[in-house]
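As annotated by Swiss-Prot, carbamoyl phosphate binding site applies to Arg57, Thr58, Arg107, His141, Gln144, Gly269, Pro270, with the evidence given as sequence analysis. The L-aspartate binding site annotation in Swiss-Prot covers Lys85, Arg174, Arg228.
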Amino acid sequence: MTPRHLLAAGDLSRDDAIAILDDADRFAQALVGREVKKLPTLRGRTVVTMFYENSTRTRVSFEVAGKWMSADLINVSASGSSVSKGESLRDTALTLRAAGADALIIRHPASGAARLFADWTAGQSDGGPSVINAGDGTHEHPTQALLDALTIRQRLGGIEGRRVVIVGDILHSRVARSNVTLLHTLGAEVVLVAPPTLLPVGVADWPVTVSHDLDAELPAADAVLMLRVQAERMNGGFFPSVREYSTLYGLSDRRQAMLGGHAVVLHPGPMLRGMEIASSVADSSQSAVLQQVSNGVHIRMAVLFHVLVGLESAGEEGAA
């Protein structure tokens, strides 16, 4: 992990990732029993969120994380900024740097946008603001991978040696890419299940096993991560019909019964109930969907701490 940014899951060494997971747990514990959920950890720091794509879970959890750590939080949307008047992404980045922001959290539809932000705002004596990638096109979503890993660790007691099956639209999924990288770093075995049309070129070079048969992979799965079909990123027919896709790749009640009793079901959201996952499965005791949301806040607290304060234990800071 670079000292000031989190741009991709590959930025994290195994030790870095475990430190963030551990600190997320510590922050969660530090908040237990507090009537007012406020820690002084980032008091005096200015954090700017910039979301050029719609978001509920990621945006809200970053905002809650910043507020709970006492940061001064500023939200910038494309429609409410000079971007709507034609300002370039580079000029926006330089403006926020000049304004003195300590951290920039960016989501953008273009792959690589977060790294460009980091490059454009660097190079001066103070090093520029920290940049956190909240999702860039189909490229990366590192904090989602971290919260998924935390959820798996909490549910299963560990990640190393666990078999994680990722199902659905791998081609358009930044969540899948970040999860594959991070889970491999943490020692998990990753299986991708998708129709051939929803697998990216070059997937044979990824550290994964590829399958087209969901029924065959479920009995040995420790965790199943269901992905939404991202129709907004498609301009052609990737599968014959929603009904056929759901029949072949949806997590139904019948398929849930194939899972071991210990297995956990995850979904990064938003869920298309009745397509990739049945409502009964999403609301079952094996589902960790809401636990993922809660963990998202604590993971993003840990990430903000690590990029703004440093790669060290958050225990004393969190308990202050």
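Cβ atoms are placed via backbone N, Cα and C, with glycine included.
Everything Swiss-Prot records as a feature, shown here on the structure.
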residue: Arg57; record: carbamoyl phosphate binding site; contacts (Cβ under 8 Å, 6+ apart): Pro268, Gly269, Val293, Gly296
residue: Thr58; record: carbamoyl phosphate binding site; contacts (Cβ under 8 Å, 6+ apart): Phe51, Arg107, Ala134, Gly135, His141, Thr143, Gln144, Gly296
residue: Arg174; record: L-aspartate binding site; contacts (Cβ under 8 Å, 6+ apart): Gly135, Asp136, Gly137, Thr138, His139, Glu140, His141, Gln144
residue: Arg228; record: L-aspartate binding site; contacts (Cβ under 8 Å, 6+ apart): Gly168, Asp169, His267, Pro268, Gly269, Pro270, Met271, Leu272, Met275, Glu276
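Secondary structure at Gly269 (carbamoyl phosphate binding site), as computed by DSSP, is coil. Counting other Cβ atoms within 10 Å of each Cβ, the binding-site residues Arg107, His141 show the lowest value at Arg107.
Pairwise Cα distances among Arg57, Thr58, Arg107, His141, Gln144, Gly269, Pro270, which the record gives as the binders of carbamoyl phosphate, peak at 16 Å. Of the chain residues outside the carbamoyl phosphate site list Arg57, Thr58, Arg107, His141, Gln144, Gly269, Pro270, Ser55, Thr56, Ala134, Gly135, Val175, Pro268 have their Cβ within 8 Å of the site's Cβ mean position.
Residue environment of Pro270 (carbamoyl phosphate binding site) contains 11 other Cβ atoms, counted within 10 Å of its Cβ in all protein chains. Sorting the binding-site residues Gln144, Gly269 by the number of other Cβ atoms within 10 Å puts Gln144 first. In the three-state DSSP assignment, the secondary structure recorded for Arg107 (carbamoyl phosphate binding site) is strand.
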